[in-house]
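The structure under discussion appears below in the form of structure tokens.
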Amino acid sequence: MQLLEPRATPSKLMQWAAPPIAICLTLVVGAVLFWSLGVSPPKAFYVFFIEPLETSNGWSELVLKASPLILIAQGLALGFRARIYNIGAEGQLLMGAIFASAVAIWTDGSTAWWVLPAMVLAGALGGGLWGALPAWLKTHFNAEETLTTLMLTYVATFFLSWLVSVPWRDPGGSNFPQSIMFGDAALFTPLFEGLRINTSVYITIAAVVIFQIFVSRSFTAFQLAVGGQAPAAARYAGFSARKAVWLSLIISGLTAGIAGAGEVAGPIGQLTLSLSPGYGYAAIIVAWVGRLHPLGIVLSGFLMAMIYIGGDAGQVSLQLPSAITGLFQGMLLFFLLGADAFVNYRIKRRKVVQLNKVAA
Amino acid sequence: MLIPPPHNHPAPPGEPRLSLSNITKRYPGVVANADVSLTVMPGEIHAVLGENGAGKSTLMKVIYGSIQADEGEIQWNGRQIVIPNPAAARKLGIGMVFQHFSLFETLTVTENIALALDEPFDLAALAERVKIVSEKYGLPLDPHRLVHSLSVGERQRVEIVRCLLQDPQLLILDEPTSVLTPQAVRKLFETLRQLASEGVSLLYISHKLHEIQELCDSATVMRGGRVTGHCKPAEESPASMARMMIGRDLPVCVAPEYTGSVGTSLEVRNLSLESPDPFGVSLKDVNLRVARGEVVGIAGISGNGQAELLAALSGEQTVGKGAILLDGVDVGQLNAGQRRDKGLGFVPEERLGRGAVPNMPLSWNAMLTAHRQPEMRKYTLLDFAAARDFAKRCIERFDVRCNGEQSVARSLSGGNLQKFIVGREIMQAPKVMVIAQPTWGVDVGASAFLRQTILDISRSGVGVLVISEELDELFEISDRIAVLAGGRLSEAVPKEQTDVERIGLLMVRNTEQEAA
Amino acid sequence: MIEHITPILVGTLGAATPLVFAGLGELVAEKSGVINLGVEGMMLIGAIAAFAAAVATDGNLVVGLSIGALAGALAALPFAILTLSLGANQAASGLATTIFGVGLSAFIGQSFVSYSLPGVKPLAIPILSDIPVIGPVLFHQDIVVYLSFATFAVLSWVLAKTRIGLVLRAVGESPESAHAIGYPVMAIRYGAVLFGGAMAGIAGAYLSVVYTPLWVQNMTAGRGWIAVALVVFATWKPGRLMLGAYLFGGVTILQLHAQGLGIPISSHFLSALPYIATIVVLVLISRDRKLLQLNLPASLGKSFIAGG
């Protein structure tokens, strides 16, 4: 059953080739899946990946979905490099959205310029706090951050459901669990007339630049990477493991929180139960498929956004179940992890020696 | 296949117990064994001699069935056989005592032994047998103790008893004395001779010439995966065997007089420290002084507080106020990075994963500790060009054989990586150097280079502390030697005033005090 | 007040049963040194497969549970291949299993949303079930609850008293040593991981075929994650795992009975209780590092691919 043997040095080629290989394998299995559902694969791929981009609205939606994914994944990737697995970005996103909404609801009617910036800051604060909590639990009580971040996501969900059902429920909203619609001062400005894409994408663009510089050149990022690859070496060098935990979880919480603020102050315009289609989870895959690299994440973020949009289009045009999106996401991560094995390992060579023996 | 009836053979010496012919084993990029042949008779103690990387361990794994040879034949009691796995080897009557023990810390002695026996599962009955066999061979063991509570010597007994319970015809011992006190070595040899007199064949793998001379009837010498000679150790001198082993004379280190300024470089005062590791050893009232220009050696078997002392010295574990002074400055409560800022150089025992990040290139590994050099930072960002330059200079100055500063750490051999790590620390001009197991697993040439390097920096005015399991090494490079056993450190005495025997006694005494 | 106690205790056992199965399965996998964060996903796949099978066989429990177990084991297979044969990161692979499981079960489940099953009648054990309080709690349960008791008993015995159990512990402690003395580390870990998957599958099957009995998207609602946390809480001991499972079953049921008990707290907060309790419990147990280190399978989370 042992298929692999270690390579002497990691393969540079496979480091670059693994994501494209994973994408191809996902498409191949996807084609089989479409075919078995009685949809011709070329038609399905057309509906999923090409048709949505034939309109400017399609592009607008693509960027609108890619933006939060990229933003969250930047933060997550930083932690993943340090092997600190924040899998509760969804909860941090919700908390960010809640904090941002608090600002919008309390300043309702105001037209002051600072409402929107305050919402973004509040979102960062909410997400950051929701990330700091597991960091505190990890550094002081040694509690696994994988489990605590995830549990806190459930807690955030119930907190949100209470808020929109009880104190913040829109009295004029025919009893739906949702807040009032926010005023213009609490919304990002659309970039183009009639499209949903808005100025929040500038935040993501800025974040990509900052993360790129930070990851490639900063001493802190180097410390995080050492801590992830060889914890004993980090201790030996005197890099603080606690600092790594705090930094990773707060930064990833922060980006997720800002993304949450971007949703409520953007396409949604109010606080609702269904404000995220699982961006926090999908961003985990985005981070991995993007090689935990700030620019790679941009590419994988767009890919993931395509899968979301394609899933919607497939549901409308082909009556395919919307859950197909999750299926594609899971497969993509599976194949990537599999392809990744070949960075450090290679297929065990069978005994070529037998031939030599005959020759000798 | 022809199996001659046994009575056709003249009585002694009979069939060889084991005979290997032309064994070859290749790994990606290396030939670990090339055309290796050797023969072991019943009751013979046969040494396999060679330095680190000579291919001894690979050969033993082939015999024990852990790996399969690519070419060659194995004959067992006159029959050609294939040994597909260790279970098959045990069935044949081949037992193995591993160098890095193959024991399970959280299981009891009996459970550990049961795992290697292919017989009905009855722990109570087995415990009885463990007691009987261990006493018969002078290897007393409590069958119900958990392995993590055993000393290293006791663990080795578990391994040996585990083999003996299978009535072995051939016992392989891989560097069995590397973890034993000199006194324990003598006891082990008695046991081994008793086994040989009962007809058990022994394959004794070692690079220690005097031990082989004392114990073994015959020897096969290996170098670079090949057999370079067979000999009778009793008829050879250590020098002649060394030449067979490394192809030239053993290199010797030179220790010149120190003529620089005098003063205390490192001082440890009344250091007591409870180990955070449940399997660890706590330090008890450790006192130590290292002067400028001297090498102080700490002897002792790992697992006697070595890891804890190293962590306390490096700053990975902070300690009380005033317990550790570096050049007169109290550094007890500083962390590892802060102590480096104060002039501490540190080389850990584990090179891969601690001293270096396995998958990072040497240039990045240079930054691991040398990031505090001013040229490594530009504004607040790291300067990778400076790091590459630093690594290049280190590679050149310390003769690190590799494919340049961009090769990843794990692609280097143990000796070359050690040279890089030692070099990286020295290039930062430390005031104090702490080095753990400087030549563990390193070939003879690189070892000599490293030992000379250690002597040279000490004579440049640095206080050097070396922690090592190799007594020969400590006697070669140290000015004074202390013993760490059971978490207690003996007084460091000038090496001229002590010898291997007395050092060994200190190891035993401290450990026994602990047990009492 | 008092009239609530028996129904609460009766419900506790039912609510705890999925945690018992999933937790024991994860415990076995972790004992072998493999941490599988995919329990949630494997439970969901087990739940939908069992539900579909039960619908097709008019609510046949045996078919449902068997198919659930099989589906759970199959769901663990990609994880096993990735982490064991390909040396992939266990945390990431487990997460992928969960994401995939959530997606796949929702995908298949879309055609089963409107179905419901008859459920399973409790089985009263004669005489014993007549004992007040204890009787209905312990001896008037559905057969799967009894099966969970049996599973616990057998598993505890195997782990503590047999060679298989010893080998499993040895592999989790030091795969290098186990390999050196000739144990097929990879095969043993495959076995443990697939067993964990099958148990998670049964846990899911219980939810969809017996407990609810309906298919609802994401119906496991974090129970898979709680099961993973329970293994830590249990310090890898089956007995403590049972205790933890019943504790959580109790919290879940208590929250349902809260209104009847007159507790004036919003149901939203009560619903969050099990998750908060999980965090509290993790904190309480994890703060004792030495205790964890003494019980933790030493190789947990590290991949092992033998050289040569």
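We count from 1, first residue shown onward.
Placement of Cβ uses the backbone N, Cα and C atoms for every residue, glycine included.
Computed from a predicted structure; not experimentally measured.
Taken straight from TrEMBL:
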TRANSMEM  A:21-42  transmembrane segment
TRANSMEM  A:87-106  transmembrane segment
TRANSMEM  A:112-137  transmembrane segment
TRANSMEM  A:149-168  transmembrane segment
TRANSMEM  A:197-215  transmembrane segment
TRANSMEM  A:244-262  transmembrane segment
TRANSMEM  A:268-288  transmembrane segment
TRANSMEM  A:295-311  transmembrane segment
TRANSMEM  A:323-343  transmembrane segment
Response to the item:
Listed stretches A:87-106, A:112-137, A:149-168, A:244-262, A:323-343 vs the transmembrane segment (A:21-42), most Cβ pairs under 8 Å: range A:323-343
Worksheet entry | Among the ranges A:87-106, A:112-137, A:295-311, the one whose Cβ pairs under 8 Å to the transmembrane segment (A:149-168) are most numerous | A:87-106
Worksheet, complete the sentence: Highest Cβ pair tally under 8 Å against the transmembrane segment (A:268-288), stretches A:87-106, A:197-215, A:244-262, A:295-311, lands on A:87-106
Item to complete: Establish whether the number of Cβ pairs under 8 Å between the transmembrane segment (A:87-106) and the transmembrane segment (A:244-262) reaches at least three, counting only pairs separated by 6 or more residues.
Response: yes
Worksheet item: Under 8 Å, at least 3 Cβ pairs, sequence separation 6 or more: does that hold for the transmembrane segment (A:112-137) versus the transmembrane segment (A:244-262)?
Response: yes
Worksheet item: Near the transmembrane segment (A:295-311), which same-chain residues lie under 8 Å Cβ to Cβ, leaving out any that are not at least 6 residues past its ends?
Response: 19, 23, 47-49, 52, 58, 61-63, 65-67, 69-70, 73-74, 77, 208, 212, 277, 282, 285-287, 289, 320, 322, 324-325, 328-329, 332
